[in-house]
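J.: Quick one: structure below, then a few questions.
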């Protein structure tokens, strides 16, 4: 029983500190505003109606009766918000506007008019956390001391005039599934707001996000129509953007965006701060393959941030801004009949005063597709159905209508193949969809998003260089007729090939515009920014750590061990450092095999590396099996206040590790299984169990 008391004390002692760290996440590094979100004449072609952070004033000025707030990390929630706004306007006559939730104040929500409605489309990021742009709203609305302009307390139901709709985007492989929408919904209800319809939840972990969204919104619209006395009408396409070809400009004009991410980059004067909306064009100073087996490649790259204001801490993430593969750009332009005018200059303007143009303008069709639009993503059923009206013939139209209305048929023909929009349409007909307005494509496809990778170096050891470790994705799905190629990792492989002497890089049949717009990436450069993380080493290096990192999940732990080796070289006391690493075979994909030997020499007995090779015997062995085999070691380190880290696959490995750890605690302490699970939950909430996982 004394052992249990010790662990309880450990858990409780760090609970407060961990909670503070959790709830202040993101407030110490502000997210820069998107330079394309503000629309002066060069962006939307119209002046914005004021710069007020007062959403009620904004709605009054622009004649809106429906605002759709979004909290988005990767762009999906923003896309859903835009789709809801468009559908609400076209089907029900709502005067809608889409709003980034961080761009408005919340203290006056108690003044929200009863004849208007607010939507909250909120993604949950990581382990139940708000997205970067929703941190302040989350802290405000769920705070114990929340107060509004009209005064009063929560007991006074200050939001009684607020009608709202809620949809959350989550992943069931994480413990705190859809925590953001659930907690915000509970807070709004507690404050007296009236939810219309049920709070929807989409599950990316189950692969049903899109269908969850579609299934939720129809009964939601019915409930909203009744609550606001809306009349449904036949929807027809009404463009959000006006796209015009500008014959007075050519791609050679220095005012035309050819892939530059910001105006500063266009003008050749990029300046910091570098952020999610303003990348640094960083030189790649080293690139190599850690292994190459059949169609599997794993890259190690060193990216220089010397001479910039970019900084990172061990455990942070680096974002790579990708470029679409040339073959997919060509496919897209051909499918939509744009090949012959790919280099024509276009201007894009928002028809509505509140509409944000997602890509810079003026630009060209080619640049828009290559650098700004997510043309390689799996296509949604709803978007495919919108193209029926523009089908090249009746037979094609009939097929698209069927795909749009029959989710099982769509799943069989499109989802199972992991088709992007151009591939999906090519599977239906060889005829081009020349009548599809380019504005519809801008509206229906997300803006291309940066991809995040765990940094695999220590900022203490190399503050001016960031290491990344990435497996190049090239996968043939069961039943699929083509190989699905990762956009960013194949781009990185092409850069590696070019840097290492290949004059015509062609990774897995993909070609890329490696030199970038106007050759601004020449010399092997890539656009990047840094995202800070709470996945951190203990401040006291003598504290033990246990790391679980199979495959490229070992990336941050290379940085952790690199840092501890440097601290030991300085004469600091370094505690037990245990790594559980797994891969297929020791002579095939054992990442950083030689480096571990060097670190072992530097750290001596304090470093212990335990391996699991899944394909060296008939019975597959994974890291969770090794964890169980070393239960006594794990239990002893936990008693010494060890921090437990997991990095890698969320759907299988991370879940299994979580389960096994609970079993270890229970078995080693003679406790019921439920108590072991409870202790793991306490470790999570206190910050002594940390995850950097993906699905």
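Each residue, glycine too, has its Cβ placed from N, Cα and C.
Values in this document were obtained by computation on a predicted structure and should not be read as measured data.
Sharing the record's features from Swiss-Prot:
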BINDING   72-77, 123-126, 169-178, 204  FMN binding site
BINDING   296, 552, 614, 615, 620, 621, 622, 623, 624, 656  NADP(+) binding site
BINDING   451, 452, 453, 454, 469, 470, 471, 486, 487, 488, 489, 694  FAD binding site
DOMAIN    66-221  domain 'Flavodoxin-like'
DOMAIN    277-538  domain 'FAD-binding FR-type'
TOPO_DOM  1-8  topological domain 'Lumenal'
J.: Where the distance is taken from Cα to Cα, which of the binding-site residues 171, 177, 451, 471 turns out closest to residue 296 (NADP(+) binding site)?
T.: 471
J.: Given a separation of at least six residues and a C-beta threshold under 8 Å, show me what packs close to residue 126 (FMN binding site) in the same chain.
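T.: Listed in sequence order: 174, 691.
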J.: For residue 123 (FMN binding site), what residues in its own chain, 6 or more apart in sequence, show a Cβ-Cβ distance under 8 Å?
T.: 71, 72, 73, 74, 76, 77, 131, 168, 169, 170, 180
J.: Please identify, among the binding-site residues 177, 471, 487, the one with the smallest Cα-Cα distance to residue 614 (NADP(+) binding site).
T.: 471
J.: Just give me the nearest neighbour of residue 471 (FAD binding site) among the binding-site residues 171, 177, 620, 622, 624, Cα to Cα.
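T.: That would be 622, the closest of 171, 177, 620, 622, 624 to residue 471 (FAD binding site).
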J.: Taking the Cβ of residue 487 (FAD binding site) as centre, how many other Cβ atoms lie within 10 Å?
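T.: Taking all protein chains shown, residue 487 (FAD binding site) has 23 Cβ neighbours within 10 Å.
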J.: Long-range same-chain neighbours of residue 469 (FAD binding site), Cβ under 8 Å, sequence gap at least 6?
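T.: Those within reach of residue 469 (FAD binding site), by Cβ under 8 Å and sequence separation of 6 or more, are 290, 298, 299, 300, 453, 454, 456, 552, 554, 555, 558, 591.
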J.: Report the same-chain neighbours of residue 75 (FMN binding site): residues 6+ apart in sequence with Cβ closer than 8 Å to its Cβ, ordered by sequence.
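T.: Set apart from residue 75 (FMN binding site) by at least 6 residues yet with Cβ under 8 Å, we have 374, 446, 447, 449.
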J.: I'm trying to understand the geometry here, so how far is the Cα atom of residue 451 (FAD binding site) from the Cα atom of residue 624 (NADP(+) binding site), in Å to the nearest whole number?
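T.: Spelling it out, the Cα of residue 451 (FAD binding site) and the Cα of residue 624 (NADP(+) binding site) are 28 Å apart.
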J.: Measuring Cα to Cα, how many angstrom lie between residue 620 (NADP(+) binding site) and residue 489 (FAD binding site)?
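T.: Rounded to a whole number, the Cα-Cα distance is 28 Å.
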